[in-house]
Each structure stands twice: as C-alpha cells, then as structure tokens.
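Worksheet: the structure to be examined is printed underneath.
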Amino acid sequence: MNPLHVQLPGLELKNPVMPASGCFGFGREFSQLYDLNQLGAIMIKATTPEPRFGNPTPRVAETPSGMLNAIGLQNPGLKKVISDELPWLSQFDVPIIANIAGSEMEDYVTVAEAISQVDNVKALELNISCPNVKTGGIAFGTVPEIAKELTKKVKEVSEVPVYVKLSPNVTNIVEIAKAVEEGGADGITMINTLLGMKIDIHTGRALLANGTGGLSGPAVKPIAVRMIYEVSQHVHIPIIGMGGISSLDDILEFFYAGASAVAIGTANFVDPFICPKLIAQLQDYVDANGIDHISELTGRSWKVRGNRTYIGS
Amino acid sequence: MNPLHVQLPGLELKNPVMPASGCFGFGREFSQLYDLNQLGAIMIKATTPEPRFGNPTPRVAETPSGMLNAIGLQNPGLKKVISDELPWLSQFDVPIIANIAGSEMEDYVTVAEAISQVDNVKALELNISCPNVKTGGIAFGTVPEIAKELTKKVKEVSEVPVYVKLSPNVTNIVEIAKAVEEGGADGITMINTLLGMKIDIHTGRALLANGTGGLSGPAVKPIAVRMIYEVSQHVHIPIIGMGGISSLDDILEFFYAGASAVAIGTANFVDPFICPKLIAQLQDYVDANGIDHISELTGRSWKVRGNRTYIGS
Amino acid sequence: MIKQELMTIVSQQQIAKNIYELTMEGELVQEMDEPGRFVHLRINGGTAPLLRRPISVAAVHQHLGQFTIIYRAGGEGTRLLSEKKAGERIDVLGPLGHGFPLEAIESGQTAVLVGGGIGVPPLYDLSRRLKEQNVHVIHVLGFQNQESAFYMEKFCDLGETYMATEDGSLGIKGFVTDAIKQFSVKGDVLYACGPIPMLKALEKENPADRGFVSLEQRMGCGIGACFACVCHPSNDPKGTEYRKVCSDGPVFPIGEVVL
Amino acid sequence: MIKQELMTIVSQQQIAKNIYELTMEGELVQEMDEPGRFVHLRINGGTAPLLRRPISVAAVHQHLGQFTIIYRAGGEGTRLLSEKKAGERIDVLGPLGHGFPLEAIESGQTAVLVGGGIGVPPLYDLSRRLKEQNVHVIHVLGFQNQESAFYMEKFCDLGETYMATEDGSLGIKGFVTDAIKQFSVKGDVLYACGPIPMLKALEKENPADRGFVSLEQRMGCGIGACFACVCHPSNDPKGTEYRKVCSDGPVFPIGEVVL
Ligand SMILES: Cc1cc2nc3c(=O)[nH]c(=O)nc-3n(C[C@H](O)[C@H](O)[C@H](O)COP(=O)(O)OP(=O)(O)OC[C@H]3O[C@@H](n4cnc5c(N)ncnc54)[C@H](O)[C@@H]3O)c2cc1C
Ligand SMILES: Cc1cc2nc3c(=O)[nH]c(=O)nc-3n(C[C@H](O)[C@H](O)[C@H](O)COP(=O)(O)OP(=O)(O)OC[C@H]3O[C@@H](n4cnc5c(N)ncnc54)[C@H](O)[C@@H]3O)c2cc1C
Ligand SMILES: Cc1cc2nc3c(=O)[nH]c(=O)nc-3n(C[C@H](O)[C@H](O)[C@H](O)COP(=O)(O)O)c2cc1C
Ligand SMILES: Cc1cc2nc3c(=O)[nH]c(=O)nc-3n(C[C@H](O)[C@H](O)[C@H](O)COP(=O)(O)O)c2cc1C
Ligand code: FES
Ligand code: FES
C-alpha cells in the first residue's frame with residue numbers, strides 16, 4: 001500500500017491532503033489549473049438549504065501572516081449544489097466532503113439528509129463554527145450540549161459518516177470535541193477561523209463591511225497545532241487538521257500534533273498549485289525517509305516513544 | 001493640556017504608550033538604552049509571593065508574524081520586587097503598574113496588599129490569564145464568577161486602582177469583562193497571549209520545553225482588535241489595549257477599536273527603541289492632525305458619528 | 001490559459017509621485033490576449049505580506065515576451081514591490097479575468113477611454129490595440145494633480161487626450177466628467193476604469209451609446225473560487241445572483257452590475 | 001554601550017556548505033571590545049521572520065569600522081540573510097552580552113581554543129586578540145565534515161590547529177575531545193564554544209586548569225529583559241537563582257552554570 005493512502009470513516013484517500021472548505025469553491029476554477037484527481041479529497045464550499053449571497057464587500061482583508069474573511073456562507077443553495085456542482089465533480093475520482101451549514105438545526109438536517117445521498121459525497125463536514133453568520137452558527141460550535149445534539153440529529157439522517165468542524169473561538173475545545181464524539185461524530189475537522197477584526201486607519205471604521213471576520217493563514221497555525229494536540233489526546237475519532245498549512249513542514253507538524261489528514265485553505269490563494277505541490281513533496285518525504293505509512297506520524301508529539309498505543313487509536 | 005496626556009484610574013500618563021508586562025523586565029535593561037521618563041507608564045513583570053524560576057528552556061519560539069513564550073512567571077518574588085526593583089524604578093517619574101500573579105486567590109491578595117502600598121505603584125494589573133502556569137492561573141481568567149470573586153478580593157486589600165488583564169482564550173470575553181467590572185475592577189487590560197504550540201520538525205516533539213506557550217506579536221493583532229472592539233462597547237471602565245502593536249497605525253487601530261491607552265510587548269524584542277519611537281510618532285500625529293485630545297479616537301470604529309456619547313464614557 | 005510563472009524583472013522605474021512602471025519577462029506573456037485583464041502578484045516568498053496583489057496589465061510587448069504594469073506604491077505589498085530591481089523574479093499568476101472587448105467596436109468608429117488615477121494603466125494597452133484595429137480613440141484622463149499623472153505623452157501619441165486634475169495643475173480643474181462635458185466628448189463605445197464614484201458619474205454622463213467599466217474589489221484567490229469579490233447584477237440587485245469581479249470581470253458592460 | 005544601527009553590508013560570501021561570511025560597516029563597531037560577544041540581527045523590516053537572530057562577532061576590523069560574522073544558513077531568517085548583497089543594510093543591535101575574558105590569561109601562557117561547528121566563529125576573533133597579547137594559542141576545531149569546515153588556514157596562521165570531523169574527511173575522525181586526547185593538547189586556559197554535548201565533554205576532559213564556555217539559547221530580547229534564555233547556576237541547580245545567557249553570558253567560567 002502506498003504510505004500516503006489513508007482510510008478514514010467513509011473516506012478512501014489517495015493521500016491525506018485536501019483543499020479546505022470555502023477556499024476551493026466547488027473545484028471548477030482549480031480544475032483549469034491542474035487535474036483534481038491528484039487530490040486526496042475535496043471539501044466543498046458550505047451548502048445551506050437556500051441560496052445565499054452572503055455579506056456585503058469588502059469581504060477579505062490582509063493581516064500579518066494571515067487574512068480575515070467574511071464571505072458569509074455565500075452558496076447557490078442545496079438544490080443547485082445537488083443538480084449542478086456535485087454531478088460536475090463526479091467526473092473526478094475524488095471523494096467529496098460536503099460542508100454543510102445553516103441557521104437552525106433543521107437546516108443542517110435538511111441539507112445532510114439530501115446531500116448525503118449523492119453518490120460522490122463520501123462524508124459530511126458540519127460547519128458549526130462559521131463566525132460570519134449572525135444567527136445560530138456561532139453558538140452551535142461553542143456550547144457542548146448543542147454541538148452534541150446537532151451531531152446526533154445529523155447522524156440520524158446522514159447516509160455517510162459525519163465529521164464536525166470545530167470552532168477555535170472557545171475556552172475549552174476538548175469539551176466540545178468530546179461532546180460531538182458522544183453525539184456520534186465519526187471524525188473531527190479543525191480548526192475553523194478565529195474571530196478577528198481590522199480597522200481601516202483612513203476611515204476609523206472596520207475594513208470588512210461585516211465588521212468582524214474569520215482569521216486564517218499561517219498566523220493561526222500555532223493555535224491550530226495546540227488545539228489538535230489537545231483534542232487528539234482526548235478523543236477516539238480521527239482529526240483532519242487545518243489552519244495555516246502552507247508547507248511540507250507544516251503538514252508534518254499537524255500530523256505530529258495528532259492529525260490523520262490535513263486540509264489547506266488560505267494557502268490556495270497564495271499559491272493555487274499548493275495542493276498538488278505538497279502532495280508530491282509529501283510523497284517524496286515518505287519515500288526518502290522509509291516511512292511505512294503516514295499514520296505513523298500521527299500524534300508523535302505526545303505518544304510515549306516506543307509505545308505506539310494511545311487513546312486515540 | 002498635551003493631547004497625549006491621559007488620565008485613567010490611578011494613572012496620570014504623559015502619553016498613552018507603555019511597555020507590556022513581561023516584555024520589559026523591571027526596566028533596568030531598557031534604561032541603558034533610553035530614558036525611561038519618556039514612557040507613559042511601565043507594566044512590570046508578573047510578581048508572585050515567592051520567587052520563581054519558571055519553566056525549563058527553550059522558552060520561546062518563533063511563529064509566522066508571532067512568537068510563543070512559556071517563561072512561566074519567572075520573578076524574584078514579592079520581597080525582592082519591593083526591596084530592590086520598585087525602589088530602583090522610583091528614580092523615574094513614571095507610574096508603575098504592578099502585574100501580579102499566583103496559583104491561589106490568596107497569592108493575589110498577598111501580593112496586592114503589599115505591593116499596592118509602594119509609592120510608585122499607581123495601579124495593579126491582575127494577571128488572571130497567563131497560559132503558562134499549570135495551577136490556578138488559566139481558570140481564573142476563563143470563569144466569570146471566579147474572575148469576579150478574585151477582583152473583589154483584591155479590590156478589598158488594594159491601595160490603588162485595579163486593572164484586570166483578560167485572557168483571549170475564552171468563548172465569550174465580554175462576559176468575563178462584565179464580571180470583573182461587577183467585581184469592582186477599575187480598568188481592563190487586554191489581551192494576554194493566545195495558547196499555542198510549535199512542534200520541532202526534527203524531533204517531532206514540542207519545541208518549547210513546556211509544550212504549549214503563549215502566542216503574541218502581530219499575528220494576534222486582529223484578535224486583540226476584535227476583542228477590544230467588543231468589550232469596549234459593553235463596559236464602562238477604560239481599556240489598556242495590547243496584542244501585536246508595532247506601529248503608529250497599530251496604535252490608532254487600537255484606539256479606534258476602543259482602547260484608552262496601549263501597551264507594547266513583543267515589539268520591544270524586535271526593536272528595543274519602539275516605545276519612545278512610537279510615542280514621538282504619536283505626538284507628531286496628533287499635532288499634525290489637530291487632534292485636541294487622543295481620547296477622541298477611542299472607540300471611533302463603533303461610535304455613532306456626530307454623537308460622541310457612548311456606553312463606555 | 002491561466003499560468004503561474006516566476007517572471008524576471010526587466011526594468012522598474014518611478015514615473016510619477018508614488019507611481020512605478022515595472023516590466024517583466026516570461027512565457028506567460030503569450031497568454032495575454034485581451035486588454036484589461038490583470039495579473040495577481042506574489043510580492044515575496046514569505047508569509048507577510050500574505051496575499052497576492054491584483055494589478056492590471058498596462059502594456060504587452062509580445063515580440064519581446066514582456067509586459068508592463070503601472071502601479072501606485074501605497075501599502076506594504078506595493079511598497080515592497082517598488083523596491084525590486086531588474087534581474088529579480090516575481091511570482092506572477094495570470095492573466096486573469098475578462099478584459100475590454102475589442103470586438104465591441106468596429107474600425108472607423110470612435111472609442112472614448114476614460115480613466116482615473118491608477119485606473120488609467122489598462123487603458124493604455126486597450127488604446128494601442130484599438131488603434132491597431134483602426135478605431136479612433138479619445139482619452140479622458142483624471143488625476144489628483146500633475147505630480148501623480150503619468151503616460152500623458154504616450155496617450156497623446158495615440159489620440160486626442162483630455163486631462164482633468166482635482167487641483168487644476170494639469171488639464172482642466174475638475175473631474176473627468178467635467179472634461180467630457182466641457183469638450184463635448186462623444187463616441188460610439190465607452191471604456192472606463194477608475195474609482196467607483198467616477199464610474200457612477202459615467203453611467204449618468206455616458207459619452208457613448210454603449211460602454212464597459214472595469215471594477216476593483218478586494219480579492220482572495222483572484223480566480224473565482226473564494227467569493228471574496230462578488231457584486232450584484234443590476235437585474236437582481238438584492239438577491240442571490242452575483243458576478244465575480246475577478247473571473248466574470250473586472251470589465252463589465254455598463255449596466256450589468258450594481259456599482 | 002549597546003547600540004542599534006542600520007549597518008551597511010560590505011561583502012557576503014559562501015565559505016563552506018551552507019556557511020556564509022558577512023562583513024558589515026558602521027559606527028557600532030567602535031563598541032566591540034571583548035571577543036565572544038554577539039549581535040542581534042533583524043533580517044528584514046516586516047513581521048516575518050519576526051525575531052532577531054543572535055550571531056557571534058567573528059572578527060572586528062576596528063581600523064575599517066567593519067566587523068565580520070560567520071553563520072550557517074539553516075532556517076528562514078538565516079536563509080534570507082544569506083540572500084543579502086553588498087550595499088544593502090541590516091538592523092544590528094549590539095554588541096551584546098559578556099565575551100571571553102582576555103585578562104584571564106597572561107602573555108606567554110597557552111590558551112586552548114575549542115570550537116565545534118558554528119561555535120567556531122567567535123574563537124577566531126578571540127585567537128587574534130590573544131595573539132596580540134602574546135598568548136600562545138592552540139586551536140581544536142570540530143566539524144561535521146570537510147565540506148562544512150571553514151577558516152582553517154586563518155586559524156593555522158594564528159597557531160597550532162587540530163581538526164576533527166565526524167566522518168574523518170578532515171583531521172582525525174571523531175570529536176574535538178578525541179583530538180585533545182590524541183594530540184595531548186594542554187594549556188593554561190580553555191576557551192570553548194559549541195554544542196552542549198561538546199561543552200559537557202570538555203567539562204570532564206578539560207585540557208586546562210581553568211576555562212570558559214560560550215552557551216547558546218533561544219532568545220527573545222537578547223538584552224536581559226524577557227527571561228527567555230536563563231540557565232541554572234551550578235550552586236543552585238534546582239532553585240530560583242539564574243543566569244541569563246544573553247546578558248550574563250553567553251560566556252561563563254566553566255562550572256558556573258549547569259550545562
Ligand atoms: C482588477 C484590479 C486591477 C488593478 N489594477 C491596478 C493597477 O493597474 N495599478 C494599481 O496601482 N493598482 C491596481 N489595482 C489596485 C491594487 O490591487 C491595490 O492598490 C493593491 O492591491 C494594494 O496593495 P498594497 O500592498 O499597496 O496595500 P495593502 O493595504 O497592504 O493591501 C492589503 C490588502 O488589501 C488589498 N487591497 C488594498 N487596496 C486595494 C484596492 N484598491 N483594490 C483591490 N485590493 C486592494 C490588497 O490586494 C491586499 O490584499 C487593481 C485592483 C484590481 C482589483
Ligand atoms: C549567543 C549566540 C551566538 C550565536 N552565534 C552564532 C554564529 O556565530 N553563527 C551561527 O551560525 N549561529 C550562531 N548562533 C546560532 C544562531 O542564532 C541560530 O542558528 C539562528 O538564530 C537560527 O536562525 P534561523 O533563521 O536559521 O532558524 P529558525 O529556525 O528560523 O529560527 C527560529 C527562531 O529560533 C531561534 N533559534 C534557532 N536555532 C537557534 C540556536 N541554535 N540558537 C539560538 N536560537 C536559535 C532563532 O533565533 C529564531 O528566533 C548563535 C546563537 C547564540 C545564542
Ligand atoms: C475565504 C474563506 C472561506 C471559507 N469558507 C468556509 C466555509 O464555507 N465553510 C467552512 O467550514 N470553513 C470555511 N473557511 C475556513 C477554512 O475551511 C479553514 O478552516 C480555515 O481557513 C483555516 O485554514 P487555513 O488557515 O488553511 O485557511 C473559509 C476560509 C476562508 C479563508
Ligand atoms: C516573553 C513574554 C513574557 C510575558 N510575561 C507576562 C507576564 O509576566 N504577565 C502578563 O500579564 N503578561 C505577560 N506577557 C503578555 C504581554 O504582556 C502581552 O499581553 C502579550 O504579549 C500581547 O502583547 P504583544 O503582542 O505586544 O506582545 C508576556 C509576553 C511575552 C512575549
Ligand atoms: S477573488 Fe476569489 S472569487 Fe474573486
Ligand atoms: S533573551 Fe531576553 S533575557 Fe535573554
């Protein structure tokens with residue numbers, strides 16, 4: 001078996017590298033740049049029951065080694081995603097992870113039920129953590145009981161495994177992670193963006209029309225690594241890690257912290273070829289270092305040396 | 001009056017710029033570089049009842065546009081701070097803000113009672129948010145009731161106004177801010193560092209001996225700005241803002257967000273002359289722009305234009 | 001096709017106050033067909049500044065395999081860009097978006113090209129291409145003042161050129177719309193690029209029957225994947241329909257999108 | 001006195017595998033008294049890489065107002081530093097810390113200078129100064145291999161020089177302590193700089209009665225204010241006493257601090 005071949009609930013990944021939700025649309029644009037078949041998976045843009053325009057512009061701002069976004073979950077809505085986007089994506093031999101969002105629990109259930117029946121959708125990713133929607137959204141990801149209940153409800157209707165995407169804007173992320181695990185989550189994806197803000201010096205007002213936005217990119221990497229390190233030691237389900245990854249070293253760091261696969265968000269904007277580049281570098285790395293399987297690296301930072309059993313396995 | 005002269009509870013500041021606690025020791029080293037009389041105030045290194053060595057080294061690591069530290073509250077202890085450091089600092093006409101820390105509530109009370117009696121200590125800064133101490137520390141800053149109680153207890157014994165330093169590692173910082181306000185805090189300082197981690201790619205282990213550390217520097221600025229923006233609209237006490245400031249624009253941004261003064265931490269390591277430099281630039285700025293008083297800038301991002309009354313004033 | 005290439009700087013020089021002209025060389029130039037498209041530049045290889053900067057193509061020199069951009073050094077990224085020297089390399093992604101349609105006008109007709117500030121550069125490439133098509137070109141260019149004006153001679157060489165500056169230090173005192181009125185500028189097709197207030201004024205004071213405007217918007221990806229740069233189409237101004245400035249634009253027919 | 005200065009690069013060249021020699025000019029050189037002190041370099045003006053990099057002074061040329069550092073380009077900061085060219089400027093803070101005490105040895109006596117890898121550079125400055133004082137110098141230098149060795153001739157010019165490499169490609173195969181044993185190196189004072197394991201071995205295998213070691217530690221401020229770089233003194237190995245490598249060190253008498 002190729003050392004990069006990773007099996008996660010619902011997912012057979014050629015390699016453990018995939019674009020993160022919202023940074024890759026539904027793949028159409030990047031398909032003009034390279035063959036999407038190279039990707040481990042694709043996390044598509046959040047889908048809500050109804051089409052959404054999202055927030056007014058400006059929607060992005062640059063910060064030191066990071067960026068803020070307040071897209072506001074713009075998407076064509078469940079119907080169109082099922083009728084247009086997913087069929088188009090089915091030409092690629094790549095599992096799709098459908099990121100789903102909403103304002104009410106019912107929204108998640110509606111989207112989950114329908115979208116999980118689509119053939120190439122191999123897993124769901126519950127976006128309970130988007131800081132850019134005013135109702136619902138944020139609370140789902142910060143209150144353990146609600147996160148657990150939402151997970152349960154979605155699990156009941158979903159045809160495919162359910163991953164829950166955690167918000168870093170919490171006091172105790174382990175608590176939330178355990179709650180969604182109890183709720184039946186098959187995996188965790190983390191981290192979503194940190195709530196931030198930039199003020200335009202010339203106007204004295206928020207630069208983003210929405211006021212605040214979600215911080216992503218290299219700046220947040222140390223926070224993502226810390227949270228994955230903590231969570232991976234306390235849950236038994238796998239983690240797809242993300243938050244500032246832009247190099248091979250970053251990927252290794254996320255594995256060492258406790259991730260079983262990784263997703264790349266903001267870096268796609270900086271270098272649109274980053275995913276295939278890092279996949280190739282990772283392949284070279286495991287080959288050159290005689291690594292039997294990439295999963296050996298997962299959690300190395302906290303595993304007792306010489307003792308490979310750990311709570312998360 | 002000089003437009004930079006700022007009055008805050010207990011503090012007559014020549015200007016609203018001061019070094020942040022832990023990034024300036026007790027001022028001795030920087031006094032070799034420039035005249036400390038230029039500073040608005042000095043926030044001294046956290047003082048605990050007993051001397052502490054702190055964590056093993058390495059204690060710092062670099063991250064994209066930021067740094068991690070896990071100093072672990074190293075300090076010579078209350079006795080020596082009172083007998084050696086504060087008397088030495090009394091040669092300068094600069095108010096001292098004493099940052100105090102401990103493992104138990106009693107520690108804070110002990111330090112507060114003694115240190116607040118020293119002449120040049122004009123205010124206390126309760127460090128209820130240091131992520132690098134294993135016991136106590138972190139919880140104080142994340143549970144509103146505990147933060148409130150601690151504030152109350154310290155207020156009972158302190159001879160000078162009490163500022164509480166908030167942790168950004170919380171779900172709802174406004175809640176904590178309100179709690180310490182209710183507890184009698186005279187002001188708020190924010191933000192302390194974000195809990196982060198870096199893994200050494202060569203060893204697969206945490207780079208800091210302590211494992212995790214506190215993230216500071218430009219990387220965290222958007223988070224600090226967002227939190228100050230939120231808190232300043234919900235409390236009636238002033239905020240001394242910090243987190244990634246390294247330029248005049250950054251200072252303005254923090255004022256616009258809602259700060260009444262600012263502190264500079266990590267940037268002192270990058271440019272040891274940063275404090276006097278930015279003070280001079282700020283003076284030029286208010287002079288050149290005919291700003292009557294710097295306090296006009298506070299909260300500009302959320303104040304209704306043409307209506308200068310706002311909840312925080 | 002969109003390509004990413006480490007292109008070599010051939011020359012860089014300051015041509016007006018804070019305004020730089022930068023010429024780069026590489027294979028990517030072969031893809032530069034339509035005027036008004038843009039490139040997305042990564043200023044350095046580190047993490048700060050993180051995002052690419054969108055800059056219009058100002059002139060294509062196909063025979064040399066070179067192209068030129070003109071930009072204002074304002075913020076951190078463009079300031080760093082302005083410090084680069086000949087021989088250094090820059091990571092260029094492009095060409096991106098849809099430019100000014102050349103086929104919208106016929107030879108012998110008159111095109112009115114209206115630009116403001118750093119909206120002027122793409123009009124130069126456009127004007128050259130229109131001239132090649134034997135289109136009659138009239139330029140109306142607005143700047144803050146004489147110091148920040150550039151390429152005046154080059155535009156004059158291509159056709160009639162009217163100028164307006166806010167302080168009257170060059171051309172008439174006022175805005176491009178004032179110049180259009182004052183000199184009764186008229187044509188068959190309008191091509192415009194500049195700040196939104198200018199474009200809005202032109203929607204009203206259109207010196208032609210039809211026209212095209214180029215928009216600016218803060219961008220993430222620059223290729224249509226992140227939804228950072230959307231705007232509302234005029235036929236659904238409050239709904240969920242949208243256009244992406246980066247990939248559907250930056251040039252739109254006048255009236256297609258809400259300014 | 002500690003100064004901050006934008007110093008001008010006079011020259012930079014690669015002198016071994018990943019090893020660069022960089023010479024800078026400025027007034028700060030006048031403050032460079034004792035060998036073994038270091039400078040704290042800000043590689044660029046942006047926010048990444050954020051922190052300064054501590055690098056030892058390898059040679060002072062007082063009459064030229066210049067000084068030289070020798071460093072390994074490993075991580076992001078030193079890699080960027082290695083790309084700088086003559087004429088560019090670097091923000092230098094220094095000189096920092098306490099160096100090797102010249103007064104610890106008298107003319108006519110023998111100093112043993114032991115260095116490993118990038119611990120070698122400060123010994124060059126030290127050796128030159130000791131020579132000026134008519135001290136007899138013996139060098140024992142260790143490198144990974146021949147490719148990464150540098151300044152061999154310069155050290156040979158100053159005095160007896162023994163070399164050890166891990167693969168035996170230069171000098172003997174082994175460590176500096178092996179060379180010390182094999183060549184029965186002895187002297188009055190030891191001055192050493194290199195990795196901790198080497199310094200520990202030297203504490204045991206000390207070829208002199210007294211000695212000084214230079215330590216490395218991850219630093220924040222570099223001036224003694226942040227407590228990033230502390231170590232335990234030997235007389236209070238588990239207590240609250242401390243020494244700061246940046247301001248009390250980097251050079252300590254052997255036995256003063258816990259390695
Ligand atoms: C399609 C298009 C074509 C353009 N063509 C030109 C041109 O030919 N010449 C020229 O000088 N400028 C042009 N601009 C504007 C140019 O992109 C900005 O001036 C530049 O990005 C500012 O970067 P900075 O580093 O100076 O500012 P910073 O403030 O450091 O930029 C921070 C972030 O904000 C973005 N940003 C800031 N201002 C603008 C803006 N006005 N438009 C879009 N993004 C912005 C930056 O791209 C970056 O992501 C164009 C913009 C677009 C969208
Ligand atoms: C007093 C002193 C003198 C030194 N003299 C020299 C010298 O003459 N020549 C030389 O090549 N090296 C010297 N070093 C080591 C040098 O500081 C590091 O190699 C360098 O900081 C690494 O930076 P980087 O950008 O390559 O690595 P990065 O990994 O990008 O560095 C990240 C951070 O870790 C710090 N760091 C990484 N490695 C070290 C290290 N070994 N010691 C201290 N900090 C480190 C960096 O300063 C930076 O803050 C000295 C260190 C000290 C403390
Ligand atoms: C422009 C943008 C849009 C995003 N949209 C979504 C989204 O729709 N759903 C979601 O779960 N996360 C979304 N995210 C978060 C990313 O998937 C990712 O969790 C986060 O950006 C951290 O990774 P990064 O630092 O690699 O970007 C978005 C991020 C960005 C930058
Ligand atoms: C090395 C270091 C030590 C610190 N020590 C303390 C401390 O003792 N007490 C405290 O309240 N904050 C401490 N802080 C936090 C700073 O005071 C400040 O809140 C934080 O670093 C954010 O500001 P900055 O980004 O400007 O550094 C420390 C920060 C650093 C980098
Ligand atoms: S910038 Fe990403 S869609 Fe236009
Ligand atoms: S590096 Fe700050 S005290 Fe030594």
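Numbering starts at 1 and runs along the chain as displayed.
Here the Cβ of each residue, glycine as well, is placed from N, Cα and C on the backbone.
These figures come from a predicted structure and were not determined experimentally.
As given in TrEMBL:
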DOMAIN    C:2-102  domain 'FAD-binding FR-type'
BINDING   C:R53, C:P54, C:I55, C:S56, C:I70, C:Y71, C:R72, C:G77, C:T78  FAD binding site
BINDING   C:C221, C:C226, C:C229, C:C246  [2Fe-2S] cluster binding site
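Close to C:C229 ([2Fe-2S] cluster binding site) in the fold, though at least 6 residues off in sequence, lie C:Q217, C:R218, C:M219, C:G220, C:K244, C:V245, C:C246, each with a CB less than 8 Å from its CB.
Ligand 5 lies under 6 Å from the Cβ of the following binding-site residues, listed in sequence order from C:R53, C:I55, C:C221, C:C226, C:C229, C:C246: C:C221, C:C226, C:C229, C:C246. Residue counts for the domain 'FAD-binding FR-type' (C:2-102) under DSSP (helix as H, G, I; strand as E, B; rest coil) come to 16 helix, 49 strand, 36 coil. Proximity to ligand 1 at the level of Cβ atoms, with a cut-off under 6 angstroms, picks out none of the binding-site residues C:C221, C:C226, C:C229, C:C246. The number of other CB atoms found within 10 A of the CB of C:C226 ([2Fe-2S] cluster binding site), across every protein chain shown, is 29. Applying an under-8 Å Cβ distance to chain A, the binding-site residues C:I70, C:C226, C:C229 reduce to C:C226, C:C229. Within its own chain, C:I70 (FAD binding site) has C:I15, C:I19, C:Y20, C:E21, C:L22, C:A58, C:I118, C:V120, C:P121, C:Y124, C:F150, C:Y151 as residues 6 or more apart in sequence whose C-beta sits under 8 angstroms from its own. Sequence-distant neighbours of C:I55 (FAD binding site) (same chain, six or more apart, CB under 8 Å from its CB) are C:F38, C:V39, C:L41, C:I69, C:Y71, listed in sequence order. In sequence order, the binding-site residues from C:R72, C:C226, C:C246 that place a Cβ under 8 angstroms from a chain D Cβ amount to none. The two recorded residues, C:C226 ([2Fe-2S] cluster binding site) and C:T78 (FAD binding site), have Cα atoms 23 Å apart.
Note: the FAD site is recorded as C:R53, C:P54, C:I55, C:S56, C:I70, C:Y71, C:R72, C:G77, C:T78; in the same chain, C:L41, C:I69, C:L81, C:I118 also have Cβ atoms within 8 Å of that site's Cβ centroid. With a cut-off of under 6 Å between the Cβ and any atom of ligand 3, the binding-site residues C:R53, C:I55, C:R72, C:C226, C:C229, C:C246 reduce to C:C226. When the alpha carbons of C:R72 (FAD binding site) and C:C221 ([2Fe-2S] cluster binding site) are compared, the span between them is 21 angstrom.
Around the Cβ of C:C221 ([2Fe-2S] cluster binding site), the same chain contributes C:A228, C:C246, each under 8 angstroms and 6 or more positions distant in sequence. Regional average pLDDT for the domain 'FAD-binding FR-type' (C:2-102) in the model is 97.
Sequence-distant contacts of C:R53 (FAD binding site), defined by Cβ-Cβ distance under 8 angstroms and a gap of at least six in the same chain, are C:H40, C:L41, C:I43, C:G77, C:T78, C:L81.
Per the record's binding annotation for FAD, residues C:R53, C:P54, C:I55, C:S56, C:I70, C:Y71, C:R72, C:G77, C:T78 show a top Cα-Cα distance of 15 Å.
When other Cβ atoms within 10 Å of the Cβ of C:T78 (FAD binding site) are tallied across all protein chains shown, the result is 19. C:R72 (FAD binding site): 18 other CB atoms within 10 A of its CB, across all protein chains. C:C246 ([2Fe-2S] cluster binding site) is surrounded by 28 other CB atoms, counting those within 10 A of its CB over all protein chains shown.
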